[in-house]
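Residues or ranges marked as domain 'Major facilitator superfamily (MFS) profile' by TrEMBL: 27-477. The transmembrane segment feature in TrEMBL is assigned to 81-100, 112-131, 137-158, 170-191, 284-308, 320-342, 354-373, 385-405, 426-443, 455-474.
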Amino acid sequence: MAVGGFAVDGPVSGAVNGKITASVVITCIVAATSGLIFGYDIGISGGVTTMAPFLQKFFPAVYRKAGEAERNMYCMYDSQVLTAFTSSLYLAGLAASLVASRLTAAIGRRNTMVIGGLTFLAGAAINGGAANVAMLILGRILLGFGVGFTNQATPVYLSEVAPPKWRGAFNTGFQFFIGIGVVVANCLNFVTAKRSWGWRLSLGLAVVPAAIMTIGALLISDTPSSLIERGKLEQARQSLCKVRGKHSDVEAEFAELKKASDVAKEANREPFRTIFERQYRPHLVMAIAIPFFQQVTGINIIAFYAPVLFQSVGLGSDSALIAAIILGLVNLASILVSTGVVDRSGRRFLFMEGGIQMFVCQVGVAVLLAVTTGVSGDKQISKDYAILVLVLMCIYAAGFGWSWGPLSWLIPSEIFPIKIRPTGQSISVAVNFATTFVLSQTFLTMLCHFKFGTFLFYAGWIALMTIFVALFLPETKGIPLDSMNLVWEKHWYWRRFVRG
């Protein structure tokens with residue numbers, strides 16, 4: 001197997017049953033529905049912020065600016081208070097994700113998902129009944145705690161339950177449900193935008209995906225690794241039998257998981273201190289770099305503000321919402337492509353192909369906007385060119401959907417040994433939220449000042465991250481979690497840290 005230019009020869013471990021059972025499929029689907037709440041929020045926020053009744057009630061200055069006859073297309077929605085509504089969730093998610101590492105170790109992956117779902121449900125109820133900006137922000141903070149807990153626990157849950165041979169495919173389920181949440185939210189925004197109280201319905205109906213994932217999480221068992229870590233050995237054996245099949249011999253895999261857990265307990269060190277040791281340098285770098293790079297592709301910013309963006313470049317309000325729905329459907333379809341390819345072609349191939357595709361599209365959008373609207377952005381773009389922007393954005397979304405979208409959740413959840421796995425995932429999610437907060441808080445201002453250069457800004461980052469993957473990310477497909485250290489020992493650069 002290719003590992004960053006070197007090979008890992010022969011099977012890594014023959015002890016793990018790679019068979020796909022009905023139980024593991026159902027368990028992983030139910031767990032992956034945690035992505036619904038994150039996706040729904042991403043989709044709903046951008047649409048609600050284009051609804052006139054919502055802007056009139058909470059952000060009247062933005063409403064007046066958007067209605068002015070003479071305006072710069074890039075600056076229609078530039079408002080720090082408006083972006084605070086969107087980005088406050090990510091500060092709360094950042095805090096929650098750091099707490100979640102200790103929570104998942106203490107009470108398990110599944111229970112952390114349940115807590116996340118209940119917290120998100122409370123936030124959705126407050127947002128649906130909001131009477132002022134303070135209530136809106138409070139609701140967003142609770143939503144942030146919810147997605148902070150679930151985004152930390154779910155990818156780890158999926159990686160620990162899935163057979164190693166198909167871990168990539170099962171883990172992409174989380175991103176797939178994020179995509180479903182985005183599409184459902186955009187469709188709902190299209191319907192509710194025509195009603196004066198539609199924004200309340202859009203925000204309040206977030207209780208539905210929260211209830212679905214919370215009830216689903218209550219119906220599944222925790223991962224064998226988590227149960228062993230907490231000393232529940234018999235429950236762990238039953239859980240392993242359930243996901244690997246009733247007639248499967250799970251003793252070898254159970255013994256490996258038990259051994260890994262015992263080694264971690266014997267070390268008895270603070271995980272947040274352990275993760276900074278030299279031997280875990282490659283893991284830490286990936287836990288920080290991968291989620292950071294995922295966000296500087298610009299995808300979540302495009303998703304948050306897709307209706308705002310398309311309205312800014314010349315599509316009407318309804319057309320802008322339809323364009324956002326189309327973008328979400330393309331992303332959803334591309335995630336399915338990733339599910340079928342990730343365990344065959346590998347992670348590195350998808351990262352690099354997707355990176356090249358996104359780079360070309362971002363440069364294309366920047367050039368198109370510069371030519372059609374002028375350097376200052378004062379010219380109006382024609383509808384035909386606005387549709388061309390949408391086409392380029394769809395190709396861009398497809399590239400993200402089968403590469404940096406699902407793989408950015410998969411890689412951090414599979415590379416860490418069990419003793420620091422929750423901590424590593426927490427750092428990864430925290431970096432994701434921190435970067436998202438900064439970008440979402442600054443995007444509309446950046447769009448106003450950088451204009452078409454905003455897209456060149458993201459294109460530059462995409463070029464950098466593609467080179468980074470080519471040089472520094474080893475291939476991890478098919479490697480059992482407890483044998484993952486081999487890929488670092490074989491890598492041309494990282495072996496000096498792991499072996500040292």
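From the backbone N, Cα and C atoms, a Cβ is placed for every residue, glycine too.
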**Message:** Check the transmembrane segment (170-191) against the transmembrane segment (385-405) for contact, please; criterion is three or more CB pairs under 8 Å, pairs 6 or more apart in sequence.
**Reply:** yes
**Asked** For the transmembrane segment (426-443) and the transmembrane segment (137-158), does the number of C-beta pairs under 8 Å, pairs 6 or more apart in sequence, reach 3 or more?
**Response** yes
**Message:** Between the transmembrane segment (455-474) and the transmembrane segment (354-373), are there three or more CB pairs that fall under 8 A, provided the residues in each pair are separated by 6 or more in sequence?
**Reply:** yes
**Item:** Top Cβ-contact partner of the transmembrane segment (385-405) among 112-131, 137-158, 320-342 (pairs under 8 Å)
**Value:** 320-342
